[in-house]
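Structure record follows, encoded as structure tokens.
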């Protein structure tokens, strides 16, 4: 309804009522106008009616929704199933984002979808700054999860460093970031972590030795990590960034679920301030509670981030962009900050509850102060009961609907893309003890912690009872008779 239609409506319904309706409409439009003017996440979240109005306005700007459109091309935004149309929020934002040569390019026949793409990237950039990386210059949402998004970064660097064969990678036992390097056609150079107390930390001297040994010109980049499972802690990003600047080496950071942590974001901010960070990649689902399938690639050099976006071949699905935009408009900046604050509070609660439980079972909470999201509890006593008891605990928790907890036994080997990791899942060839992981990630509730601790306690008691029963029921061998040598 524009002003002309409202004027015509006054001839049908009382002008006073129409003016009231017009004012209500303008309140929605004012919120949309502020978003278009500022390109930032609104401080307060929008109502669903405002979001739906906005998305519907965008949809009618796409050619497949023109009333008199006649499509004779191979991609005309046609949808055969009404169920699929409803899955895309009835707004028929079907064209996706980008053009065949650039995921960030504007589509001539999809002005609404193009505007959606630009606004999403702008709003997400604002959130990255709000979360602690104030110096970030550019970012874009890509419809791939973190691993493939890292691969896209490595492939972009290949054009800048055509002679490079290797990627320096401080070890983290997570398959996708390792396979991202293999898929891009490079050889990962695994740098083992060093044990400091309970924590596994970056071996800076080993990184320097590898650079000297291989030659900087033969290395594509250093591939570091922030968010990770304890007792692994975020890499020493400031020091690595300094090393990269010293050797003129690119530096790509896997920040998979680090946006929710002010500590992880501070490390990136400081690394870029004192040294070199070319791009950092983060997951949409892990940080913003949307469906799996999207990531944010961000950096401090706008031209390099644009270069990465142009490396993406073809158009792309708009679903991840639409999901995160709807989510951030619903939450608003204040709502997202509240979620981050609650996560941090529950981290302290989870740490205290795990520490108390560990003490009750003769275990201990590992001391990992540099990991702001994940915690680890030793399982030494369980290991002493039985070699299988540690892995059995993991299956018991899963069948009791405790998801996300990881049980790490000793000595596991795993081959990933031809490379054998000893002590796999523990980020170390020989971590001193088996342990259990739990994390306080965005969206966790106090009820989650209470139920997890209660069920974990029951599982540990059951396993100890079973271990005691197994020992008492095992046959006692007869005493050995002294050999007198007589026949």
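Including glycine, each Cβ sits where the backbone N, Cα and C put it.
Here TrEMBL flags 75 as pyridoxal 5'-phosphate binding site. Per TrEMBL, the feature substrate binding site maps to 99, 100, 107, 315. Sequence annotations record features per position, and here TrEMBL assigns tRNA binding site to 273, 400, 465. For 286, the entry in TrEMBL reads N6-(pyridoxal phosphate)lysine. What TrEMBL records for 466-487 is region 'Disordered'.
Structural mapping of features recorded in TrEMBL.
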residue : record                         : contacts (Cβ under 8 Å, 6+ apart)
99      : substrate binding site         : 105, 106, 107, 315
100     : substrate binding site         : 313, 314, 315
273     : tRNA binding site              : 135
286     : N6-(pyridoxal phosphate)lysine : 256, 257, 260, 441, 442
400     : tRNA binding site              : 455, 458, 459
465     : tRNA binding site              : none
